Structure formats: C-alpha cells, structure tokens
Amino acid sequence: MAASELYTKFARVWIPDPEEVWKSAELLKDYKPGDKVLLLHLEDGKDLEYRLDPKTKELPHLRNPDILVGENDLTALSYLHEPAVLHNLRVRFIDSKLIYTYCGIVLVAINPYEQLPIYGEDIINAYSGQNMGDMDPHIFAVAEEAYKQMARDERNQSIIVSGESGAGKTVSAKYAMRYFATVSGSASEANVEEKVLASNPIMESIGNAKTTRNDNSSRFGKYIEIGFDKRYRIIGANMRTYLLEKSRVVFQAEEERNYHIFYQLCASANLPEFQVLRLGDANNFHYTNQGGSPVIEGVDDAKEMVHTRQACTLLGISESYQMGIFRILAGILHLGNVVFMSRDSDSCTIPPKHEPLSIFCDLMGVDFEEMCHWLCHRKLATATETYIKPISKLQATNARDALAKHIYAKLFNWIVDHVNQALHSAVKQHSFIGVLDIYGFETFEINSFEQFCINYANEKLQQQFNMHVFKLEQEEYMKEQIPWTLIDFYDNQPCINLIESKLGILDLLDEECKMPKGTDDTWAQKLYNTHLNKCALFEKPRLSNKAFIIQHFADKVEYQCEGFLEKNKDTVFEEQIKVLKSSKFKMLPELFQDDEKAISPTSATSSGRVPLTRIPSKPTKGRPGQTAKEHKKTVGHQFRNSLHLLMETLNATTPHYVRCIKPNDFKFPFTFDEKRAVQQLRACGVLETIRISAAGFPSRWTYQEFFSRYQVLMKQKDVLSDRKQTCKNVLEKLIVDKDKYQFGKTKIFFRAGQVAYLEKLRADKLRAACIRIQKTIRGWLLRKKYLRMRKAAITVQRYVRGYQARCYAKFLRRTKAATIIQKYWRMYVARRRYKITRTATIVLQSYLRGYLARNRYHKILREHKAVIIQKWVRGWLARTYYRRSIHAIIYLQCCFRRMMAKRELKKLKIEARSVERYKKLHIGMENKIMQLQRKVDEQNKDYKCLMEKLTNLEGIYNSETEKLRSDLERLQLSEEEAKIATGRVLSLQEEIAKLRKDLEQTQSEKKSIEERADRYKQETEQLVSNLKEENTLLKQEKETLNHRIVEQAKEMTETMEKKLVEETKQLELDLNDERLRYQNLLNEFSRLEERYDDLKEEMTLMVNVPKPGHKRTDSTHSSNESEYTFSSEIAESEDIPSRTEEPSEKKVPLDMSLFLKLQKRVTELEQEKQVMQDELDRKEEQVLRSKAKEEERPQIRGAELEYESLKRQELESENKKLKNELNELRKALSEKSAPEVTAPGAPAYRVLMEQLTSVSEELDVRKEEVLILRSQLVSQKEAIQPKNTMTDSTILLEDVQKMKDKGEIAQAYIGLKETNRSSAMDCHELNEDGELLLVYEGLKQANRLLESQLQSQKRSHENEAEALRGEIQSLKEENNRQQQLLAQNLQLPPEARIEASLQHEITRLTNENLDLMEQLEKQDKTVRKLKKQLKVFAKKIGELEVGQMENISPGQIIDEPIRPVNIPRKEKDFQGMLEYKKEDEQKLVKNLILELKPRGVAVNLIPGLPAYILFMCVRHADYLNDDQKVRSLLTSTINSIKKVLKKRGDDFETVSFWLSNTCRFLHCLKQYSGEEGFMKHNTSRQNEHCLTNFDLAEYRQVLSDLAIQIYQQLVRVLENILQPMIVSGMLEHETIQGVSGVKPTGLRKRTSSIADEGTYTLDSILRQLNSFHSVMCQHGMDPELIKQVVKQMFYIVGAVTLNNLLLRKDMCSWSKGMQIRYNVSQLEEWLRDKNLMNSGAKETLEPLIQAAQLLQVKKKTDDDAEAICSMCNALTTAQIVKVLNLYTPVNEFEERVSVSFIRTIQMRLRDRKDSPQLLMDAKHIFPVTFPFNPSSLALETIQIPASLGLGFISRV
C-alpha cells in the first residue's frame, strides 16, 4: 500500500523540534494528496498547523505502534528513522533502566553514570553458551558471540568499542575482558586472566586523566589482543597503544587534570620510601596545578596508588623498577618547576643552584651544570662547523616542555613493553580476540592536531564498519535468494583520500615540516591552493586564514593550523637526550635504547602476528647513518602507518561493534539529553546502520512466525498444510504492491512500514472482534438481567397482593373483636371503680376513729412516765458524779504508775531489742543498719559510763549520809559538849550545807542523765518505728517483685519455648549449611584429585593431543579420564603392609595439623574430666570419713546427741539427694553432647538451675534452724544474768545479729522480758546453793559443743556445695564458650562462618570419634583377653586329649587352627557369606564393577545385587578375622567405583546404578555392624549375620563421602541433560497455542517459540523426568534419595527458567505468565502421579510461580502494589523490580508498568532484607542425606547368576 494511506486520522507522527529534537503529534484529520498543511495535536494539549516543504513535499515520520516501542533491537522497529531510534533508546534507558540496545550488528551502550548490579559472575554464567539473540542486549552477549565464533569458525575476532570521552568505552572494554577471563579460564596455573585484568589499573594511571567531560578519560587508544590456545583458554595478551596525548603532561585546560599517576604520587608523598622523591602537594607543581582541580570527587589518589603498585607487582615489575618509574615521574614534576630568566631577547639563564633543577638532576642521575647548559642552549650543525647558540626564554620553556613530554612518552612505551612481556606466553597462540578501545569522533571549539588524527582514525573505522554492514546485508539477501538491488550508502573514501593520499593534508604537512623555514601559515596557504574549490569536502572559513574545514562523515569540523607543524615534528634537542643517556641511573638509559632493538613495524613475532608499533614522540638516535632517516618519520607518518596496520588486523578478523553513548554532559544518572544523544548517534554510525537497513527490507519474519502472528487475518479456507504457500496467498491479498515484500527460502522480507501496516490490520481485526464479542456478551447479559428482573417483579407482586389481602381480613377480625372487648372492659372498669371507692371510704373512717382514741391514751401515758423518769434520772446523775470522781482519782494513780512502768519497760525494751535482726530480714539495708548499730554501741558505751558515774556518786552519797548520821549521833550523845563548843557546831553546820549543795548538784546531774536517756529512748523508738515502716514497704516490694518474677517466669517460659523452636529451626538450617559446606569440600577435593591425575597423565601422555574443536571449558576444567588408576597400580605392586594403610589415606580429607590440634584438645578435655571426677570422689570420701568420725564420737548427753544425730541424718539425706541430682545432671549432659545442651532453656540447663535453687533454699532453712537454736540458748543464758542486762548488751547484739526471722527476735524478746521482770530476791531464792550457775555452765558447754558440731557439718556441706558450684561453673563456662563461639561465628562473613562452624563440627565429630575409639580399644582389649583365655583353655583341652590322639604328631597340633570353644552347632546350607581367594580379588572387582553393564543388572536381577555380593565377601573376610583382606577388598571396591564413574561419568544410568549400589553397600555395613541402633529392624537370622571381628566405621564414612560425590556427579549429569531443554520447553514453546503472539525480533533472531522439528517442548522435559525416575526406581534407589534428586531437578528447572525470564524482555508479558503457570501445573501433576508431592520439589518452583503471577496481576494502584509485595515473598526486591521493568505488552490492549508504580514497589520493599543478587544460583546443590534403609532380604537366599562370571566365588 502507498505510504500516504497511513496518514489517517489519529495516526501519530514525529515533527522536528529545536529543544527536544523530535516531538510526537497526532493527526486530527486524514491526509489527502495535495494538502500543504497537516492539522496536528501535540502531546502537551496544543494544536498545530504543520506546513509541508513545498519542494520535497516530504511527510513527517510516522511513529511506531506502542507495542514495538522499547524493543531490544532497533531494526525490529517497523519505521526505521532517527526519531524512532531516539525514542526507543530513551524509553529503554529512562523507563526500563536498560542501558544496552542492539542496532543490527551494533551494541549501543548508554552510560548510566551509576553502578548497576548486572556484571556479576552469575550474569556471566547466564550469558555463557547462549545465542546472542536469545538474551537481552549486554556487553557479555557481544563477548560471548565473539568467543563462540572464534571457536566455531576458527577465525580471530575483534570487538571495536568507540564513543566520546565519558561515554564508557574503557569500562565496556574492561567488562568484555573480564568475561573472557571468567568463561575461558587459563591454560596454566599462573592466573593469566588476573594479569590481563591487572593491566587495566596500570594503564589507567599512566594514560587516563580527568577532563571536563569525564573523570577517567583515556587519553590514548589501545588494542588488546587476548590470546587463546587450542582449547580456547587464555594463555596471554598483547597491547598496542595509539597517539598518547603528550601535551597533557605540560598543559591542562581549566577544570582538567594531568595523568592520574602524578596526583597519586603527590598523595603518597608522605610514605617513607617516597621521601627521596621530595614531592609535596600537587598544587606546588606547575605541571599539575594548571587545571585548578587537583582532586576528583569520590576518588582517593593514595588508595589508587596502592592498587597501581599491587598491579605492577602482579605483572612482575619489581620494586626497584617501580621506584625507578616513580623517580622518573617525580623528575618530570620537578622539571616543570624549572624557571628561566631572560638575559636579553635571544638568550636566557637558570638561577644558580636552582632547587627544582637540582632535584631533577639528582633523581635522574645527571650532571647539574651540563643539564643547565643544554636547557638554555642548542647546537647547530652545518656542513663544516658546529655552533652552540643560546635560545630565548620562550624557546627554552618550549624545549623544557618538549623534553618532559618526550621522557613521559618513552616511559609510557617502556611500561607498555613490560606489561606485554608479563602477559606474553611461551605456549603457541592458536587464536585471539582483540578489544579495541579507541577515541570516538571529537569536535571542540578549538580543534588541533590531536583531534585531526582522532577523526582521521574514526573515518577509517567508519569506512570499515560501513563495508562490513553492507557485506552482511548482501550475504543475508543471497542466502535467502532474494534479488539483490544495490543499496546506496555513504562512502567516506573521498574524505580519507583528502587526508592520506598523495598531496593530501598529511603529505603537505610532512613536506612543510622538512622546509627550513616552514610555518603553520605557509602550510595553510598550501592547503588552500591545493584543495580549495577542488575538493567538495574541504572548505576555508570566511574570517580566518589559519584554519580549514573538513566535512567528515559525522559533521563539519574546523581545525586551527597553529601548532600543527610543531606537534607533527615533536622536536626534542639531541644534546638533552645525550645528557639523559649518560645518566648514572640505570633505568633512564633503557628508555632511550637504540631503535633497532625495538620491533620494527614489518617484523613478525614468534606467534606469527604482526603487532602495531609503538608511537614514540621522536625516535632516538641509532647508527650515525640512520639518524637523518629516522628523524624524517613525523608523528603523522607514524600514526598513518599504525592505523593502516590496525585496519589490516581488523579486516583479518570478524568485527563486533560497541557504540558507547554519553546521555548528558553533567554526569547525572539516568538523565537523557536528546540533543547530545542525536549528535553521538550520527557520529558513531548507528543511524547509518539504520539507513542501510531501511533502504532494503529491514523487517524479516520466518514463515512459521508470520503465520503464528497474523493468522487472525486469515480465513479458514486460506489455511493450507503448507505454511509457506499460506503466507504467500495471504500477503498477496493484504498488500497489493508486491515490491513491498519478498519471499525468501525461510523468511519473508518487508520494506519499512509494512509491518506497522500489518500490525494496524491485525489490531483493527482484533478490535472489531473485541467489539463483536463485547456486543454479544453485553446483549446476553442485559437480556439475562431483564428476564431475572421481570420474573422477580411478578413474584414480588404476587406475594405483595396476597399479603395485602391477608392484612385486610386480619384488620376486619381485629375490629370486631376490639368492639366486644371494649364493651366488657368498660363494664368491668366501672364496677371495679365503684367497689374500690366504697371500700376506701369505710377504711378511712375506721382508721380515723382509732387514731383519735390512741392519741388521747398516749397523752395520758406520757405524763405518767415523765414523772417516773425524772425521779430516776436525778438519782443516776448523783451516782454518776460520785463514780466519775472516784474513777478520775484512780485513773490519775494508774497513769502515774503506768508512766513509771512504761519507763522501766522501755529500758528493758532498749536492752532487749537490736537492729541487727533487721539486717537478717533486709539484707539490702545492711549498711544502714550497721551504721545504726555502731551508733547504738557507742551510745550504750556512753550510757554504761554514765551509769558507772551515777553508781559511784550514789555510793559517795550513801557513805556521806552514813558519816553524817554517825556524826549526828555523836553530836546527840555529846550534846552537852556541843553546847560548850558552839563554834564547832557552826562550822559543822556549814559543812553540812556544803554537802547538801553537792548533793543537789549530784541530783541535778542525775536528772540530766535521765533526760538524756529518755531522749535516746525516744530516738530509738522513732528509729524502730521507721525501720518497721521500711520493713513493711520492703515486704510489699518483695511481694510485688515476687509477683513480677512469677509473671516474668511465665513470659520467659513462653519466650524460651518460642526461642527453642526458632533455635531448632535455625540449627536445622545451620546443619544443612554445614552439610552443604562439607559436601562442597568433598566435591572440591575430588575435583582437585581429578585435576592432579589429569596433570600427571598430561605429563606422561603429551603426545596424545586431542583435535581442537568448539568445546566450552571453564577455569576448573578437568578431563574425564580414569581416576585412581595410578594409585591403584602402585597399590597392586606394593606389599601387604602398605595396602593395609591405604584406607586411612583414602579417608575424608582432613588437615593433619588441625587433626593433631583437635586430638590434643580432646586429650586435655579428658584430663580435665578425670581431674573433676577425682575431686568429686575425694569429696565423697571426705564426707564418708566425717560420717565415720561422727559415729565414733562418744555420747556426751542424751538430748544433745539425739538432736545432733537428727541433724546429721538430715544432712546425710541432703547429701544423698545432692548426689542423686548430680547424677541426674551428668546423665542429662551425657545424653547430648551438642553445644546447644547447655544453652539457656535446654533440659540440662533447667535441671541445673532447679537443683541450684533447691540447694540454696535448703541452706536458708538450715541457717534459720541454727539461728532459732541460738536464740533459745541466749534466752536461757539471760535467765541467770543479773537484772542489769545493759552490761551484756554486746553479747546480746552479737546473738541478735545472727537472727534472721521476725518470729525468732520476738521469741527472744519475750524471754528477755520475762527474765527482767523477775526481781533480785527471786534470783537469790533460785540461786541459794549455786545450782543455777552450774546449770548455766553446763548449758554453755553443751551449746559450744553443739555449735562446733554444727559448724563442722556446715563446713562439710559447704565444701560439697562448693564442689557442685565448681561443676556448675565449669558447665557454665563451657556454655559461655559455646555461646561465644556461636556469636563469633555469627559476626563472621558467610564464608568464614561456614568454615568456622565446619571446624567446630569437625572438632565435635573428632571428639566423638576418639571416644568411640577409646571404647573400641577397651573392647579390643577385652576381646584379646578373652581370646587369650580361650587359647589357654584350648591348650589345656589339647593336653588332656594328647593321650587319646596318639596318631597325631605335635607339629600337626601346633599347625592346626585353634578352636575358641567347642560348641556343637547345627550345620546349615548357606550362612550368607561368599569366599574367594586372595589372588582373585582383582578378577572379582573387574567382573562385578569395572565391566558390569548396569542395564542388564537392573532389568534381570534384584536391585543392589553387586552391593550384596561385595558385602557377603566382606563378611567372609571378617569371619576369617583377616584384616588385610577386608582392607584390600574395600579399598579396591572404592577405587574401582571411582574409576568406572570417571570413565562413564556422563552416563546417567551408570551414575544412578552405582549411587544406588553404594548406598545399599553402606546400609549393609550399618545393618550388620552389630550396633543396636541399626539392628532394630533386623530379624534374628539377620542379627546372626552381623560382623564379629571388625568395626568398619571408618569405611562407612569413606563410602558416605563417595556416595556424596556420586550424587553430585549425578546432579551434574542430569543438569547437562536438562539444561538445553528448560528454556525452550518452559519459556519459548507455546504449550497453549495462540495465547501469545510472536513479535518482530529484528536482525538478532531469537530461538523460535513455535514447535519446529528438533526443538524441545514441555513434553520433552516430562519424558526426560520419567526416564530419570524409571531408571532410579529400576536400580532400587532409596525412596528418600529419589525425592532429593527430584527436588534438585525441579530446582534446576525453576532457577534456569527464572534466570532466563529475568534476562529476556520478550518473555515478560501477561500471556507468557499464563504459559509458565500452565507448565508449572504440568510439573506438579507429574509430581502427584509419582507420589512425590512431599519431596519439597514444588517449593523450589515457588519463585518461578510468583514471577508468573507477577506478570499476570494488575499493576496500577497502591492496592495492587501491596498485593504484589505480600504475594512475592520468595522473590527478591531486585527480581521484582526487574520483572516490572521488563514487562512488555504483546498486544495493544495491554499497558506498560508505569515508573511511579515501580517506585512505589521499591518504597514498600526498601525495608525487606534480602539478597541484592538478581539471578538464582542455578549451580546450587542441596545437601544430600542418606537415611538408613535396612533391607529385608536374607543374605542366605541370594543367588549369584552365572552371567556375572563369578564362578570362582564359593558359597559358605
């Protein structure tokens, strides 16, 4: 159809826009030929009149359907033009976050300016081995295609990476090299791939710099050839460099930097080894401070320096050479600081002892004066003479800079040479892949010589690219036998001729450089004269005579002629070079070696390749005759030759193109600038590829794909059996113009726009069908709704009318009934009202009359009673007054007496009470009570002193009173004499007055003391009350705390139970992890053994080299040769002792140093255990001895000894109880030796805590009993003390301090009170004859004896408790150690955690193994002892029978085998053993293992027959007690099985057969081992067949490891079988036909999803699963093991399918989700048919199921986002976001996922802690277990078929 017919209403077009480059619009009416204006509606809502060009009348570009937007390949677009390409790239980059897109054979890579998780090793493995079109675009896909074509076509490959500075060229090249290094591995153990990658940081440091466009811009081009051997493994690499930007060494523009290495040196200047360089900050050097930006944000130059040095070391550059490189670089920096001083206009000088130059000379090892001279002078040579001419300051500065550039260029080339030497391989190179990282097309405001060379190189590369694209198009057309029409494409040969042809720009430049007085101006005039107006591609600027313009393929570029000649000459003074060559620094002359030692451009290397020459700034002088010739080679000439050589190399290889695009100039992540992108797309040739494709037939469909997509446009009669003819017939009807399509052999070719037209027809047809379906369904729904409503209305009417009639009848009945009820009710109410009124009137009258009569009676009665009351009240008042007076007098007396009694009582209370008891009750107040106690003690002491003073004063007072009385008597007797001596009487009276005064003073002092005592008493009472209050509060707190403790205990119990469940689950996971780690180690060990054997075989069989072919191997490749062949041959040639040691060497690989350490640790633990056991026994003996001593003691008194014996019995019972509990504890600990036994919440831990609590409670009870006894003794003691108990307060306080209970203190207080109440007279009456004192002394002795005995019992009890605490502490330490170990493991990274836990598990297993070995040794000793006894008994029996055996000689007796016991035994036909001769062992192994055909055994014989035969042979060797025979047979069996598996390891049937037999052999060894755990299911007959002499636990472990290795090999085999089927069967094949249509796929064709011949379908996978299952069942594999294999198979299916889904945009659609769910349901049905639903296989498909559901659910609202987050719990956040980003509608009726919805999902999932890894680990193998499965088969019933060839074996 005509293109104009597509411009209909609502068609969308692209129109030019100055800001957005292209803007989308929609037609508002149909276009008719001749219209000059199009009415358009823009996306922003505006209407526009678009005027067509009146000359060309070109219509605007049509926009592709939305279904085609975002395609992986730009050539899949129906309309191929610039706006379509730009829009497709923008949608993929901004909306889908996809940075790679195919454009035919070109990979377009857009720099995201952000780290993306798409370069991991899992992604590399996913792309490895895949076709380029089968996966989403990626740099790894290009690398895989190059690698595959190299191996398949045996042709060298090239990957050409180009783009602007900052577009990501270097990174892309780096990732390509990483891919080759990962998938190919290295041919040697020298890690060549690491060296190849290590060259990157070196080259980046010396060749990359910061520019305004890129922080890490490569300022040179490089071509790296990665060499491969015949097996296509990396053997080395070679690097070529191009056009280093030397001018950057001496000059940097604003915001730019010099090369990174200079700033790395300055940042590391403080290192000790760099002190000699005398560096400092980068701002201090002229060569590094010109850009004004010495620091790159986010880059640490010091760390980068460390990486650079590490890379140098890895590449073999020694430390001395590294320091030499740094010296030269530091010298360049110091040279840049050299300053020149003008003497006149033609000469200059350097200041004397100029520091920068002095440092430069010291570092370079040259003479200061000589270098200073030649920096300011130059030598001019004529034909006859030589002149030395001074130069000006400007010339000297330029010469200095030229010297610095020259030194740096030489150093750069020297480093490149050494890197190539390190990467060179001695092995012959078979092929190579080259990675070209070269600068893209450049155009700046000022373009000079460097931009000219760069654009010249890009012209050559673009020409090669155009020719390659044209060639591929031509080949495709010829292959499909389509008439080839010449496609016009842009040929840039005229531009190349303008530059490089004779009299071209480079020729004229070289000619001008040879002129003595040539300048840039004269060269520009020559260019104008030669090319202006003669070449259409050459132009002259209007306003300049020193510039020229060239029309390149990308754009016009204006070049400034200034500096061209100087840069092309690259002049360096020879005298300065000679000074440097004479340096004492050895490395410096190496940089300037003669050029003849270097590889010439035309010389071939040893590998046959022609490498590019380096590009030196100026070749150094060679022989005198060659000097002039060498100097004629200018930079332009050298670059042209190198470029020609590069083009020859690229033309000899198959090229692959990567075009890097810079999305914006500001380095913003995922920001797309349309203007910049279009410029680069035009410059890099992408649009040219599009133009070439669009000129022919860009859209290509296979006939099957076309039929599948567009069968909706066909009628039933058009569909024929021949798909090709059907498509032809339909196309002829749909597209009238036959020039719009062509029919090829296998494809249909369409011109641009035809696919969009077909898509429009298809969409219209589907839309019409949808409308018809909607119309029909809506009519049917409305009719159904109307009928339902009509039926419902009739039913409602019927029921309503009936209800109304019933209601009316009911109303009539109610009305009549109501009338009758009203009549009778009114009559009843009236009669009742009358009766009530009459009755009420009569009652009122009677009550009123009675009331009046009673009132009169009450009045008379009150008056009479009042008289009586007055009489009695007056008498009572008189008596009451009298009694109150008497009572008051008595009360006053009582109060006074009570006051006196209270004082006495308070004194007694003060003496009796002590705050010490509160110390026992409230331990928390101990400090406060101790302070109060000290205060009380001090006050008691003061009180005692005061009482003593008071007593003394009373004595003095009494004595004085007696004296006065005696004097008074004498005075009375001598009254007469007194009369005479009146003066003497007066003096005596004065003395009496004085004494009275002293007495008054004494009384006042006594009163003050009593007041103080009262005050102290009050304070003490206040203190006691406060303590009581505090005690009450503490009790309340105690009760609340107890309540809280009970609640917390409940909560802790619940939490501990939950925690126990969680810990159990975690331990199960840890166990699986440990098992997986152990099995991986076994796998690695077996791989290393195979590798070792292969290397040995390769050394001995170097002649047999396999023919090279396309065979993918990884770095861990090992050939499938026979294993253990060499070791088994040695074993056969060795003697018997060496053979007996073989099994120990074949055991599980274990580090011997680790094993010895573990053994030493076990010994130490055993010693500690023995010490603890001895100490416990010693404690028990001490208890027994103390018990015996106590029994031997004589009885002192009856009551005391009875009490003591009672206490001793209680302690003994307590001791026995503690012993029993200790035994229970040991038993609980011995039952489980795992670390978790002693963890909190474990049974042993709970038993321990309960016993410790009970012990502490018993101790408290015993202490309370002792304290009660002491309080009673104290009360008895106080009963015999004097009344003044204040003197014994100290003893009382000590006793009270020992009391603990409140009741004890109260009891003591009552006894003390009763004692104090007894008077002194009572004491005298009781103690008349001293009996009380004797009783007291006896009680004291009894108390002391009892107390000593209690103390001894207490000490013994404490010793026992201390021993138990010691054991508890040791157990706690062990528990803490285990917990610390667990905590340390949790803090380690996953790999180290697994390793540490594995070592711990090995330690535990080793301990158990050693314990079992000890038990085995003890049993062996017992067996040997019994054997010796049997031999002795047999010998005695023989001696007794000598007399009866006269015909037998003694020698024969000795030679006879000794019979252990002569027990009569019933002979049986067969005992389940097989006997063979020692020399037949190899024959047995050969027939039964090496040459056995699994298929025949599985079909005709019982499962596991070889295992039963081998075990019966082992039984016979065990029966004979032949240790050597057992070991030899088991070793040969294991080695032979390994040999068979290595020889036929890729055969599933063989591997399954031997896995089954190995497990059966292992089960037999367990079943008949004699261990009780394995004998539970045996019959009595089977128990008789148990092994008797040997414990084969070691071999069981070896067989278990062998079974693990066989299982892993089985998994690898089935993975290799299933791998090609999974993607095709699960994803690509349409199980439900017609659900998903096929979309256009572009040049990179994907694998067809239609079931063609040879493609795999879901039925293929199910058939293969059936085959696997039937084979395993036929071989008799354990059911549990079959479940594990099926689970592993389903995991592989799910992981591979999901990984491909995540990497394929075309598979992420709604219809594909339906297909996946259907396929998964078929797999689940297969599991149900095989009864394997409980195998865990279905759970492994859960991520795939959720991904399929995610493709089908709604993806619009927040509720949808919440549903997705809750549904996809088995998918990681990265996987969910990836699926949503990749979701692509297949039909127009579907909608894309919006960016806002994806961001909503990310916000909701930001707190989810899951792996950032995108892909599942498809290589993951679940840890395998071999549950014990005993056999019910009786050994004696097994028959050996003759087909096995085991006739040399006899049954026993």
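Including glycine, each Cβ sits where the backbone N, Cα and C put it.
What TrEMBL says about a protein is an automatic prediction, not a curated fact.
Small disclaimer: the values here were computed from a predicted structure and weren't measured.
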Per TrEMBL record, range annotated region 'Actin-binding' [choices 22-44, 643-665, 1540-1562] = 643-665
If you tally other C-beta atoms within 10 angstroms for each of the binding-site residues Gly163, Gly166, Gly168, the top scorer is Gly163
Average pLDDT across the domain 'Myosin N-terminal SH3-like' (8-60)?
-> 85
Who sits close to Lys169 (ATP binding site): which same-chain residues at least 6 apart have their Cβ under 8 Å from its Cβ?
-> Val161, Ser162, Gly163, Ser218, Asp437, Ile438, Tyr439, Gly440, Cys660
Can you list, in sequence order, the residues of the same chain other than Gly163, Glu164, Ser165, Gly166, Ala167, Gly168, Lys169, Thr170 whose CB lies within 8 Å of the CB centroid of the ATP site?
-> Asn111, Asn214, Ser217, Ser218, Gly440, Cys660, Lys662
Sparsest-packed among the binding-site residues, when each Cβ's other Cβ atoms within 10 Å are tallied, from Ser165, Thr170 = Ser165
When a 10 Å sphere is centred on the Cβ of Glu164 (ATP binding site), how many other Cβ atoms does it contain?
-> 25
Students should find that the Cβ of Ala167 (ATP binding site) has, within 10 Å, a number of other Cβ atoms equal to 25
The correct DSSP tally for the domain 'Myosin N-terminal SH3-like' (8-60) reads 0 helix, 24 strand, 29 coil
